[in-house]
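Listed in TrEMBL for this protein:
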- 146-164: compositional bias 'Pro residues' (COMPBIAS)
- 181-204: compositional bias 'Pro residues' (COMPBIAS)
- 393-431: domain 'Zinc finger Sec23/Sec24-type' (DOMAIN)
- 468-704: domain 'Sec23/Sec24 trunk' (DOMAIN)
- 805-908: domain 'Sec23/Sec24 helical' (DOMAIN)
- 937-981: domain 'Gelsolin-like' (DOMAIN)
Amino acid sequence: MSAHVRSLTLKQRFSEKKCKIATSAELDGSTISRFSLQLFSFLSVSLKVKVSLLVLLHPPLLILKKQPMANEKTGPPNFPGRPAASPFAAAPPTMTPFLSAGPVVGSEASGYGASSPARFNGPSISSPPPSYVPYDVGSYQRFPTPAIPPSQPIPPSRGPPPSQPGLSPSIFPAGQQILAPSPPVSFRPQPQIPSVPMGPPPQNVPLTPSRGNVPHSSLESLFPASRPTLQPSLHGYPNVQANPTSQVPSAQSPFFAQPGGYVPPPPVAAPIGLNPREQMQHFSAVPPVGPVQGLVEEFQSLSVGSVPGAIEPGFDSKALPRPLDGDIEPKSFVEMYPLNCHPRYLRLTTSGMPNSQSLFSRWHLPLGAVVHPLAEAPDGEEVPVVNFGPMGIIRCRRCRTYVNPYVTFSDGGKKWRCNICALLNDVPGEYFAHLDANGRRTDLDQRPELSRGSVELVAPTEYMVRPPMPPLYFFLIDVSVSSVRSGMLEVVAKTIKCCLDELPGFPRTQIGFLTYDSTIHFYNMKSSLMQPQMMVVSDLEDIFVPLPDDLLVNLSESRNVVDAFLDSLPSMFQDNVNMESAFGPALKAAFMVMNQLGGKLLIFQSTLPSLGIGRLRLRGDDHRVYGTDKENALRIAEDPFYKQMAADLTKYQIGVNIYAFSDKYTDLASLGTLAKYTGGQVYYYPCFQSTIHGDRLRYELARDLTRETAWEAVLRIRCGKGVRFTNYHGHFMLRSTDLLALPAVDCDKAFAAQLSLEETLLTTQIVYFQVALLYTSSSGERRIRVHTAAAPVVSDLGEMYRRADTGAIVSLLTRLGIERTLTHKLEDARHMVQLRIVKALREYRNLHAVQHRVGGRMIYPESLKFLPLYGLALWKSTPLRGGHADAQLDERCAAGFTMMTLPVSGLLKFLYPSLIRIDEYLEKGSTKVDDFKNSSKVLPLSTESLDPGGLYIYDDGFRFIIWFGRMLPSAISFNLFGVELSGFPDLSKVILCERDNEMSRKVMGILKRLRESNPSFYQVPQVVRQAEQSRERMLLVEDQSGGSSGYVDWILQIHRQVQQSA
Ligand SMILES: [Zn+2]
């Protein structure tokens, strides 16, 4: 195809106005900018066709605008099907039955449509159930349900559908036909395959055991039924006690007295109450030894008063507990149940589950879990992959629990009992194994699913309603003037190009781009082109997608075109002076391009969306509303467009990450909604300048693109009888009552959930939890990641306290606090946090005060010793702190979005950053970073820690603040910057980079080391000099500042409140 303009047969039909044509030079990156395009007007011949022209110029461009209406009756209202071979060609053998068909196009076909309406998570949302009604944007979005009768086999052909619109000049369809749908090529599940996976989760639906290979039908949603083949003749493996209704793990448990005469060995770990040491520590079991000193081992206390030199009573600040070692994963949980998954995947706010409503009501802290299903494991501890092969995944017939280390085998091995619902299941013949003398299966060592708390199961076709999607990355990039001037566009283009080789899923990976300012620019990336073609659509009211087939392409096939595009992208828009942002229409266009496959949508936004649907107003941060009932409205989306789009995106398996760059208000509350309900993330780079923040953007974008991602996922947490998860917190869309829809999820996302008791009294002694994430891996395999854990049921409040996990509690309190700011005033959110801490400590005090005569001392359990300080940090954190003047609105919202997804350790570090002094190490002879690590210590976050003669690093996981004391020897700053620090008028512009001297190399070595310990984000070093005004605030949590308490005052306040009714 040469440089001629292809004149389309329908040219006459192209309508009048806004047709733009660009020349190939634009995409060549030459000096001709897009704005040199000429405008052509065509008279529309066909009055019915609103559309315009499509002129294909050589490599590049063309644009046009308009939309076909004439074709509404010409064919099935569907998108032209994509060639089936392309996205799925590399799909693994398990997909065989589906290879023939194209991707799912319709909601019904995907299996998601039939599910119950999704709900918006978050308390604030009065969940308008997304209707999932496709937009009325013309014929493209109507996806009819495939109507193939059940008996019709799927043709094996992998070729493109016959009517696939060709793109070569010879068969280039006429204008209106370009957009005309081809016959539906949607994928249809084989009739005998149940359309299971993601429907509503019928829990407890009794299933009829199926025989043969007719799988269970869709009775069970998320995780469809395995196929229980009844097969006798096994031995039991009494791995652990499991009958929730029987007495737990005692060796004499009648439950194990199976016909074989086998008596199981004691459980792997003693249950609560059987461990002598535990008993010893039981408060109620320990006689009061006398006043305070006898209690020291039992709980911590602080004495009030007697601070040397102080007039008023207070606490000795030095004696206050501080989490200087950062997050500490709870050991007791795992020690007691070694078969549990690692706490990096699942943490409970207390691993002592209350046995009654009345006990639960005395636990004033959140009761629940923090789940981090894809947490990165250290080398050697990866989650083992299990493939059950033809026999299918072994699951409980009734509650759908996956077989795990806590199920027990009985009846000579013919049966296994579910540890969650106690149902006795048959063991499939293929799964049979003999038992050894201890009643353990002899194949235990070869069965990770029976010996490990975390496994990854390879899911057979029953777990698919369409072929596993290919990894898909679509970029929606603002190219208005601020994107260009800040350098964002160039950094983004270069970073994407650098990452192309590392995008997961080669060779199936799909990619596409769309840019926008006041118009929308599509790019044809067809592999046969030498250069991409640009098409501009300027009609924002009636968005349509030109060339729907070549806007998303297989990366390896179109690599040259993609490279050429990314090379030329920055220069294409270098002279752009357009300040507008047609974000909403561009988003709709991206949705239309992506919705056949789903994938990840990365949005780069530099300004407030100003044109078309979804435009946002400068509702701004009006200080007058603070303190009123309207305050919270600023922190949530105003235009329903955003929630509705989020619902639609999730439904079509599209996860959104927002990168926001403006120094002005961009209404992140609205934009972030897209990430919030699609499992995504918000990256905020206020006042972005590539010279200063370029490294951070490069790193974080690269991580986003290359980290392992789970596609089209759903998450469910099952738990034993008597307890139930009732509220979920994080970024996802709730589909049905307990199924979290996650179009894309990765190793940096955690979720929290709250538990409630369903029964007045729990009769079990152990509660089991099982987290299951069903997803498509980048390699195209359908998998289920399963984490299982057990926790004892306790009858004693002291035991609940002893088993409390402050990290998990803080994670839940943080999420609850942030959600509170969406429905209430900031002040209310802060008080809610404080009140829960006070109530918890008051209850604890009531438990012990009289008995131990603690008098005026403040007492608290060892397990919660850092809770008050984290509460203070949360009180002062960006989403909750102060009022109007204390944080910009976008900054608040961005921090809130981030904190809602952080895993425990990242959140704790953000709340209580580490402060380390480094000047002594710099002046010492040693050059090893290890020496630094060993000798450095983390300091309390208070001004008292800062010596004017020192140099410090403050690390909150998101940035480094390098703090220079006023008296620091000038040689140090000279070594680090080449000049005296005072020579810089604006320290925010100072860039710390490696210089040719030992000291500089040491500092950079330290920073590198710190970064390695927290790879999720890139910490940009920001230089701050003591006593100088700086935009960057080093928040010293323990200091009193701007109306908020210091640590000592805070503790005193809490202590007083605790005593009020103690
Ligand atoms: Zn069960």
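Every residue gets a Cβ built from N, Cα and C, even glycine.
Curation does not apply to TrEMBL; its annotations are automatic.
Here the structure is a predicted model, which means the values were calculated and not measured.
Across 393-431, 468-704, 937-981, the stretch most heavily in contact with the domain 'Sec23/Sec24 helical' (805-908), judged by Cβ pairs under 8 Å, is 468-704. For the domain 'Gelsolin-like' (937-981), the DSSP-based tally of helix, strand and coil residues reads 12 helix, 12 strand, 21 coil. Under DSSP, residues within the domain 'Sec23/Sec24 helical' (805-908) fall into helix, strand and coil as 78 helix, 4 strand, 22 coil. Per-residue confidence over the domain 'Zinc finger Sec23/Sec24-type' (393-431) averages 94 (mean pLDDT, predicted model). Across the domain 'Zinc finger Sec23/Sec24-type' (393-431), the DSSP tally of helix, strand and coil residues reads 6 helix, 11 strand, 22 coil.
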